[in-house]
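Below is one structure, written out as structure tokens, with a few remarks after it.
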Amino acid sequence: MFDESYTIKNFDDVLFKAISDEKRRQEEHIELIASENYVSPRVLEAQGSVLTNKYAEGYPGKRYYGGCEFVDVAEELAISRAKLLFGAHYVNVQPHSGSQANAAVMMALLSPGDTFMGMALPHGGHLTHGSKVNFSGKLYHSVEYGVDNNTGLIDYDALEKLALQHKPKLIIAGFSAYSRILDWARFREIADKVGAYLMADIAHVAGLVAVGLYPSPVPYADVVTTTTHKTLRGPRGGLILCKENEEIEKKLNSAVFPGMQGGPLMHVIAAKAVAFAEALLPEFKTYQQQVLANARTMCSVLQSRGYDIVSGGTDNHLLLVDLINKGITGKEADAALGRANITVNKNSVPNDPRSPFVTSGLRLGTPAATTRGFKEREITLLSNWVADVLDNVHDETNISRVKTQVLLLCREFPVYA
């Protein structure tokens, strides 16, 4: 039997130190990676619960194991709350990740070798949207669309021409580094012209969609996928949604289980249920409004400091900084900001001349900093510090000065008080 003395601290000091160090890093560094956020203690509690012990292959009421009556409650709560949150008829909360959700949709709607279209990774897409190094580009024939070289915006006319030329069976509308609003109706129109399914990947903007601050694709897309972290501020996991379509719903259920996965992670599903309940609260919309305000503020400050933003601005939680004209690489910028305790990620920009391991850009996002309590005042300070570091990535005295300021601000706004 187990008792309270069975702690990591008393058993594995190396691992305990790593966890403690990571907790300190999160408290002492400002997180600007657009895909990261901080979950509430309630989400942590659910994910660390005894539900981790339970195998539950199948779906609520139709399990292949006994003893699932209580984990069924958790999954049904997650499903019903997600339906309410997104206005969806069908929800599957079992995918372990956004990539698993995307893979399940492709398994449900495509056969190996079928043609589909997705946004090119260097233009802001995701690995699972057709990258040749990913399953999506290996199992299926992917055709990539991108952004206009001059505007940095999706070229819908060029996308339509590609669709008419290649006749894809599926079109993916979604991104990992695109700062503008997608025209779901235009995507639907293009998909209908070639008889394609339309899948919307809202992994980055799900929280904004949930509160009505970013247009919902649910009325337009055949299937919608998302992660449950990022702007949704839940545990790491995936989610599949769709409007009413019995045939597609059956295919999706079969693709997730038994097609892609065996037993679902019931402790994570419980944590999803908690996060969805939090997202249904009025304060979650207030939070998302601040995420947008902070992103606009950051964009404005960096532009005033002479930094180019791809597409010229942002309509969501992220912005892509183009460093080509500054003569520094994304890798150099990432490392320099890291030394100042500001965490970012290097990112390719459209038509980037450098490799994905080096890049010419930075992707910045405001969800985590906003969760911390930052508003326009703090974001203005922070954005100027970012520019101060980027102005001379080799000035260690200046980087040290910024780090000192960052630490003071972090103490003023702890993550877990």
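Yeah, the Cβs are placed from backbone N, Cα and C, and that goes for glycine too.
Phe357 ((6S)-5,6,7,8-tetrahydrofolate binding site) falls within neither a helix nor a strand when secondary structure is assigned with DSSP, and so counts as coil. For Phe357 ((6S)-5,6,7,8-tetrahydrofolate binding site), the count of additional Cβ atoms within 10 Å of its Cβ stands at 9 [all protein chains shown]. Residues or ranges marked as (6S)-5,6,7,8-tetrahydrofolate binding site by Swiss-Prot on the basis of sequence analysis: Leu121, Gly125, His126, Leu127, Ser355, Pro356, Phe357.
Here Swiss-Prot flags Lys230 as N6-(pyridoxal phosphate)lysine. A C-beta separation below 8 Å, combined with a sequence spacing of at least six in one chain, links Lys230 (N6-(pyridoxal phosphate)lysine) to Ala34, Ser35, Glu36, Asn37, Ala203, His204, Ala206, Gly207, Pro367.
Residues or ranges marked as site 'Plays an important role in substrate specificity' by Swiss-Prot: His229. Over all protein chains present, the Cβ of His229 (site 'Plays an important role in substrate specificity') has 26 other Cβ atoms lying within 10 Å.
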Greatest inter-residue Cα distance in Å for the (6S)-5,6,7,8-tetrahydrofolate-binding set Leu121, Gly125, His126, Leu127, Ser355, Pro356, Phe357: 16
In all the protein chains shown, the tally of other Cβ atoms within 10 Å of the Cβ of Leu127 ((6S)-5,6,7,8-tetrahydrofolate binding site) is 17
Which one of the binding-site residues (Gly125, Pro356) has its C-beta surrounded by the most other C-beta atoms within 10 angstroms? Gly125
CB within-chain contacts under 8 A for Leu121 ((6S)-5,6,7,8-tetrahydrofolate binding site), separation at least 6: Leu127, His129, Ser131, Ser176, Ser348, Pro356
Sorry to bug you, but what's the C-alpha spacing from His229 (site 'Plays an important role in substrate specificity') to Gly125 ((6S)-5,6,7,8-tetrahydrofolate binding site), rounded to the closest Å? 18
